Amino acid sequence: MSRPCLLAALCGALLCAPGLLVALDICSRNPCHNGGLCEEISQEVRGDVFPSYTCTCLKGYAGNHCEMKCVEPLGMENGNIANSQITASSVRVTFLSLQHWAPELARLNRAGMVNAWTPSSNDENPWIQVNLLRRMWVTGVVTQGASRLASPEYLKAFKVAYSLNGHEFDFIHDVNKKHKEFVGNWNKNAVHVNLFETPVEAQYVRLYPTSCHTACTLRFELLGCELNGCTNPLGLKNNSIPDKQITASSSYKTWGLHLFSWNPSYAGSYSNDQWLQIFPGNWDNHSHKKNLFETPILARYVRILPVAWHNRIALRLELLGC
């Protein structure tokens, strides 16, 4: 084998110079992590030397090489998904039109008398949809029923569709290439987890009830992760970023008093002082608000610049990255 061909093989290339033998099967290097299956999908050369291959990930993993464990709750239960992001085909209205079983109530483990979503009784093709506001890996769904007037109501089976634009939806398929019907619940309170065979890249996710007990009443959570997998806490909360690394333009002495202040919006800049954008901040003094950059930035210093606030500027934060 020629030296260039040997070097190419050591670097993981499949094809050597034209006319020479194959140096190395790309899948023999096992480029797929966490039990993922490597499959060569063609002999066409990608770029100038690399072949085409794909990693089929086990349930709960995502990424080009199945490198990301991807079963994090995406925000239905904890409120990171806002009410405005949750819509439905219809809503059941009961008790003299005073009870609205609206889509924003369909949060896992939500309590109360009216604590879930139910479609109208004359809705022949009901669905509930979540807009994640950005493309994410979605790997599963957790479902739960509820009760009305002490009567248990829940989904016994449902289908899942997803979309990148909110207009064109694809259903998740089973091994026979038919719309997969997921097993739902068996009572009103127990949670049931369904993990997809393959992660889907989606901004919009819809659940379509296909079989229900009494009524199609639902509380749920979506599971998944960010596309790039780079949203780990960097150390402000757990103190791995020491105090000496945190500075500010000034500080206000409150004598230990909580003044119910928060930042409605702020701006971000990083070490070379390039402007990013204005991000929405908090709406009270204890809830979390997560903002993710459309494009990750490479930085050593990160600065938060408040531009609007309630009463006084008061801030607790964590940086996300990898």
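Using the three backbone atoms N, Cα and C, a Cβ is placed for every residue, glycine included.
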Cys57, Cys70 - which one TrEMBL pairs with Cys66 by disulfide: Cys57
Segment-level pLDDT (mean, integer) for the domain 'EGF-like' (23-67): 76
Sparsest-packed among the disulfide-bonded residues, when each Cβ's other Cβ atoms within 10 Å are tallied, from Cys57, Cys66: Cys66
Local backbone state of Cys57 (disulfide bond), from DSSP in three classes: coil
